[in-house]
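For reference, TrEMBL has these:
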type     : residues : note
ACT_SITE : ASP109   : active site, charge relay system
ACT_SITE : HIS170   : active site, charge relay system
ACT_SITE : SER507   : active site, charge relay system
DOMAIN   : 14-74    : domain 'Inhibitor I9'
DOMAIN   : 101-547  : domain 'Peptidase S8/S53'
DOMAIN   : 622-709  : domain 'Subtilisin-like protease fibronectin type-III'
Amino acid sequence: MGSSSNGNGGEDLSHLQLLSSLIPREESERISLFHSYNHAFKGFSAILTENEASTLSGYDEVVSVFPDPVLKLHTTRSWDFLEAVDNKFRSSRPWDENKSSEIIIGVIDTGIWPESPSFSDEGIGKIPSKWKGVCMEGSNFKKSNCNRKLIGARFYNKNGQASPRDNIGHGTHVASIAAGVPVANASYYGLAHGTARGGLASARIASYKACSMDGCSGSVILKAIDDAIKDGVDIISISIGNSAILQSDFLSDPIAIGAFHGEERGIMVVCSAGNDGPDPYTIVNTAPWIFTVTASTIDRSFLTTIVLGNNQSYEGTAINFSPLTRGKAYPLAFGEKVASRFTPASDARNCIPGSIDTKKAAGKIIVCVNEDPNVSKRIKTLVVEDAKAKGMIIIDNQGQFLPLDSGTYPAAVIGETTGSRILNYINSTKSPTATILPTKVVPRFKPAPVVAPFSSRGPGGLTENILKPDIMAPGVAILSAFVPRIIADYSAPGNKTSFFSIKSGTSMACPHVTGAAAFIKSKHPHWTSSIIKSALMTTASVSNNKGKLLTNSTDYYASPHEAGVGEISHFRALDPGLVFETRVQDYLYFLCYFGYKPKTLRSITNTNFSCPKSSTEKLISNINYPTISIASLKKNEGIRKIKRVVTNVGSSNATYTSSVDAPPGLKVLVLPKMLHFSAGLKRAAFKIFFDGKEATKGYNYGVIKWFDARECGSRPTLSTRWINIQRVFKQVKAIRQ
């Protein structure tokens, strides 16, 4: 129902009155609110029939009515890796700071495990006075579980939640990535040994438990965002999203709605891009006011050795604590050769549940393929283990970048090239054998970072006039805090628990950016969320640790629809030189251009806002965003003009010079070519002209850079990194800055 007029609540009665006008008297028991939103925005969730919902959507004061969606979770060395790249820009180390930070990070997820050493408040000062939140008590969770580090915890009585306590591990993991304190000698049963820490160790954490094993209710997420805004958080981290197939428009998406009202109040919302890659158009959380994060690898790999009976050895990706040794080998068989009776060979080859014959598989190492995306590698492992096999090898070209955690059960994931060699060995040998050795950690692995194959890809399905994802961060095999519990179908070493675990997903990438943003906010407390976002985007790294351009998992150069602007580089972002300030008015113009009616937008903002007279979708490219994307540039339309305004946050007296590296056939002109700043002149505008008459088909990429030669020599202080053109039946251009 739009923006709250005062943010003080008191809307419950009017919401109940509205329900009473809809619901028949004989069904008065349905006149109740699941959740009422009245801090940052007005609204409620309740049980309605389709006819009642349709009637309600016609009310003047109602912006949107939509079914409550069930969203899904998008589920250390990483910070050392990021900072190694930034080494020459480092002037301090955030984890060594003695002072306590005033920054509060709200984590909306599965709750939190307060006893984790990552949430110790030793040496941390008093809770910031701006904090207005609570520490809710529940099952096995007391107010005393909160402290000066974990300053707040909420849960919502839906999906059987009875406590802020995390019983899954996801929320604990992501919270500690963002802001966990340094914990020495952290490891996952001895693997990835080192100091685990978050991006801003001195930041405070507020946990909002909105998810359970059944998923995340959209109405609960909205309530959590509303509460977080009221409580006084600075940044909200959400490693959750809708299915790429079931994407809603911006005003029917609970995360987009809540994030917009957070942005209105200066609160950055960072979200994961989704794990439905590597196909295009799979990215979610694409509203321009959301900071959308995709996942990458780091310079650490988990490898296991497969030794064949002919003494040939191959490396696979795995996290296993195999008891097998080189001293004894076991029969090796392809899945289709140990199929159950009447089972199609394709099912047995994929190790589908019910496809493997225990009598045939027992005592053997089974080779499976991963052609069926509906059956996870974890399920395949359980199928083979249940068939009494000694171990499993999975052939999966994309999955070789994602280590499979099989506990003490011997397992490994290999690529197709290695897989074909092992299958050739099986087919050419009378009695093939093999063994699988325990995992070893390979440090300083190259190349890194690489775009994770599971990361959802752009362009966005709702509009291509905003480039998504925004940025890339570590999200593969990340060590972080976890729930110390015994899992029934997981054979842990020594049957012991661990306070840490290694997980992968854009869920893990998201809190890296949250932590980086918190770090910058702690150094520049007066910077707005859009300035911090711009600083991170325009200083991101586009090269790997081999000094080459970023690549994806197929070893091709990564496109901006895969990697966004590149890998976060938070130390460089402390001094970006120039920034793009995207204001709430820009986002309202975006909604105008997207097609929403002015009346709706006035309700959203509780203002007299009016859309520009000319409001077409192509004008989305003109909002002052840190990237430029043009969805359609036809050959006969002439030259397209795009405007941007930059704000100088560097030296007060500076001159910046532009340079353009455009792909063949695309003419790009930046005017003026130089921008001059002084103590009295902080902002300047420039225009970019595009002529695509001779542009080639397909996506192409280029670079626009702004240099401050006086301060930085040849180092670019602002980089408009990518130009992207597509022409199939139409011609499409996008620019990554």
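Quick reminder: no glycine exception, Cβ is built from N, Cα and C everywhere.
Unlike curated records, TrEMBL annotations are generated automatically.
Keep in mind the model is a prediction, meaning the values are calculated, not measured.
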Residue counts (helix, strand, coil, in that order) that DSSP gives for the domain 'Subtilisin-like protease fibronectin type-III' (622-709):
5 helix, 45 strand, 38 coil
Sort out the sequence-distant neighbours of ASP109 (active site, charge relay system) for me: same chain, 6+ apart, CB within less than 8 Å of its CB, listed by position.
LEU73, ASP166, HIS170, GLY171, VAL174, ALA175, SER207, TYR208, LYS209, ALA210, CYS211, SER237, ILE238, SER239, ILE240
PLDDT averaged over the residues of the domain 'Inhibitor I9' (14-74):
88
Helix, strand and coil totals (DSSP H, G, I; E, B; other) for the domain 'Inhibitor I9' (14-74):
21 helix, 11 strand, 29 coil
For each of the active-site residues (HIS170, SER507), count the other CB atoms lying within 10 A of its CB, then report the residue with the highest count.
SER507
